[in-house]
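**Q** I have a structure here, written as structure tokens, and I will follow up with some questions on it.
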Amino acid sequence: MLTQQELKQQAADAALELVEQVAGPDVIIGVGTGSTADLFIDGLACFKGRLRGTVASSERSAARLAGHGLAVLDLNDVQSMPIYVDGADEIDPNLHMIKGGGGALTREKIVASVARRYICIADESKLVERLGRFPLPVEVIPMARNAVARGLSRLGGQPALREGFVTDNGNIILDVAGLSIADAPGLEKTINDIPGVVTCGLFALAGADVALLATQDGIRRLERRG
């Protein structure tokens, strides 16, 4: 039986096959953040010299990419990318996701928005029927912490400060347990509209286009309906 780490590697390898299909001297690949994304980055090293470069969603991923000799570009200098590859903390059959366990949710949303296709890579344990067992990360401007926490509580959530953590943008994270996420796009908009919220870790208004889920029997591929 494959371990979870081996399943993550399987998912990363499947995404590298998609990179092989689009690789070229003018191609830029968007790269996410997290343990599965790290494995993708390590595999991407074999494309050194075959890509124009990469765009990273965090300082952590940028450092790992640079360590492999891959060019890391400023998103402001990039007009489009064929694919953005990232993991997920949870993903449902509609390819809506909860992300942000690594705290890079805002930059992940920004980089993903520039890519033509969002490729989610994960092991099968991340697939759920309904989002919400994983606490929802919310990036918050520090001065608004208590006001935002009250707003999240009114939505039925139980927000907790992620102690000792500061995002790459200089903000804090509230991890929100207990939310009922029957309408992920609607809840994403509602939370994002709370003054002081930078963004929440729901990726539903713009979810994944393709999910590559590693199972004991190989890769299960899901594509966004419609």
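Cβ atoms here come from the backbone N, Cα and C positions, even for glycine.
So Swiss-Prot lists these for the protein:
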{"type": "ACT_SITE", "residues": "E108", "note": "active site, proton acceptor"}
{"type": "BINDING", "residues": "T33, G34, S35, T36, D86, G87, A88, D89, K99, G100, G101, G102, K126", "note": "substrate binding site"}
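Give me the structural setting of these features: burial, nearby parts and distances.
**A** Mapped onto three states, the DSSP output places E108 (active site, proton acceptor) in helix. Residue density at E108 (active site, proton acceptor): 30 other Cβ atoms are found within 10 A of its Cβ, drawing on all protein chains shown.
For the recorded site, T33 (substrate binding site), the DSSP three-state label reads coil.
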**Q** Counting Cβ neighbours within 10 Å across all chains shown, tell me which of the binding-site residues K99, K126 comes out on top.
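**A** Counting every other Cβ within 10 Å of each candidate, the maximum falls on K99.
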**Q** Roughly how wide, in whole Å, is the group T33, G34, S35, T36, D86, G87, A88, D89, K99, G100, G101, G102, K126 that binds substrate, by largest Cα to Cα distance?
**A** 16
**Q** In the three-state scheme derived from DSSP, which category covers K99 (substrate binding site)?
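**A** K99 (substrate binding site) sits in coil per DSSP, no helix or strand.
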**Q** Beyond T33, G34, S35, T36, D86, G87, A88, D89, K99, G100, G101, G102, K126, what residues of that chain have CB atoms within 8 A of the centre of the substrate site's CB atoms?
**A** G32, A37, A122
**Q** List the residues of the same chain that sit at least 6 positions away from S35 (substrate binding site) in sequence and have their Cβ under 8 Å from its Cβ, in sequence order, or write 'none'.
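**A** Once residues fewer than 6 apart are set aside, S35 (substrate binding site) is near K8, G87.
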